[in-house]
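Engineer: Grabbed the feature section from Swiss-Prot, which reads as follows:
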{"type": "BINDING", "residues": "169, 170, 171, 172, 173, 174, 175, 176", "note": "ATP binding site"}
{"type": "SITE", "residues": "362", "note": "site 'Required for activity'"}
């Protein structure tokens, strides 16, 4: 067989033309130390802070400490399979989570992976978990109310859309109940809710999700959970994952409520990571940047200007106190970042005042301008009346000789406390709240026995719905009080039909 020189040269030319000279360059390092969810790697000189890194077994890590000779990596998954000498490579990406309407009604972990057994989430959109907060010119004043459905909050410490309101109190004082009831009340309010459960028992989260489902609130809610048994990195990341999911809706002109339950556990997880990364400890062994941990999260809550779509993201962070000490490190940090706080007191809770809100220590710095006019008018003096009642109550224990005006204040105060009590998972629409608080502040309840107040409220609501529904509709649609003489007549008419239990 003769060799054809022409064929050979054609073949060589083809090979040269088809030669692919692409060279893949990847930054690869070596694990030099691993343990307790932290790895140190040598050779990743160009790694960026917060960059995702991939270990040889497919587990991802987050570059946290960029040191002279090595990189401190937080491992986002099981670390027992990673050993010294393993390869770790850069991805060039920062951590992102899936976002979009496909997540509504689902329970996910902080990486955005579904854990509710309902199959994969079909979304192609992602957002970085760390993002800059909206600037001054991108925001506008908080002017729309966020109705929680809880009388004590909507009347005394109103919350506006785009506000950050801290809910603070000891364990077992009803903090999570406030969150759940607020989400239940958003069902028909065109509001998307994100509930971030940080370091809670799986059984508690399951019960909460079941409550949302039972009351029809799950379809507009995303639940992000990092359980008590999850590694510290997931607890640390979960609030950022939740706010990133919320920002997707906010920047599309929608209204979002994000609840962080609770940030004390996130701070403890971050302290654990920081100490393992050998960062110098400060007060209460927290690292120096623990303030920034929470400020960069909560600053992402905003009411956007009309030019940016007019969306809003409202943040309700929770902080757990030890024996009512609100002057501890994390509580004072978060109080200084937020626009007000609602303080839940354990002795009020155990004496049957639920929600156990202490009106003296609770404040809303911007919510007042978002409160509807009708509520502002009827609840204007309520906080002061309640504070003076608490003071008088303490003094009245020492003597029985009280003048008439003091006795009248005590009587009104007892009825105020009774009106502000509310059952579990029973949020109330704002027009019905206005009706009962109007009855209280205008003296209609002064001669009703204290033990009958709650029955009076229930029956008044039913009577108004059946006989004078136009008054409730007027409050709901205009936000203003109806004509006072009409309102007085309606309540008077009902009062004549009401039978106190001592009759």
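Backbone N, Cα and C atoms are what each Cβ position is placed from, and that goes for glycine too.
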Engineer: Using a 10 Å radius around each Cβ and all protein chains in view, which of these recorded positions has the most neighbours: 173, 362?
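Structural biologist: Within the set of recorded positions, the most crowded position is 173.
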Engineer: How many Å separate the Cα atoms of residue 174 (ATP binding site) and residue 362 (site 'Required for activity')?
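Structural biologist: About 15 Å separates the two Cα atoms.
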Engineer: Quick check for the class: what is the C-alpha distance, in angstrom and rounded, between residue 170 (ATP binding site) and residue 362 (site 'Required for activity')?
Structural biologist: 15
Engineer: Which residues, same chain and not among 169, 170, 171, 172, 173, 174, 175, 176, have a CB within 8 angstroms of the centroid of the CB atoms at the recorded ATP site?
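Structural biologist: My list of surrounding residues reads 320, 344, 346, 349.
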Engineer: Looking only at C-alpha atoms, tell me how far residue 169 (ATP binding site) is from residue 362 (site 'Required for activity'), rounded to the nearest Å.
Structural biologist: 11
Engineer: For residue 172 (ATP binding site), list the number of other Cβ atoms lying within 10 Å of its Cβ atom.
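Structural biologist: Counting Cβ neighbours of residue 172 (ATP binding site) within 10 Å gives 12.
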Engineer: Given residue 172 (ATP binding site) and residue 362 (site 'Required for activity'), what distance in Å do their CA atoms have, once rounded to a whole number?
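Structural biologist: Computed Cα spacing between residue 172 (ATP binding site) and residue 362 (site 'Required for activity') is 18 Å.
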Engineer: Cα of residue 171 (ATP binding site) to Cα of residue 362 (site 'Required for activity'): how many Å, rounded?
Structural biologist: 17
Engineer: Can you tell which of 171, 175 has the least company, meaning the fewest other C-beta atoms within 10 angstroms of its C-beta, among these binding-site residues?
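Structural biologist: Output over binding-site residues 171, 175: least Cβ neighbours within 10 Å is 171.
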Engineer: Just to confirm: which same-chain residues, 6+ apart in sequence, have a Cβ under 8 Å from the Cβ of residue 176 (ATP binding site)?
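Structural biologist: Sequence-distant Cβ neighbours: 204, 208, 261, 318.
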Engineer: Neighbour count, 10 Å Cβ-Cβ cut-off, for residue 174 (ATP binding site): what number do you get?
Structural biologist: 20
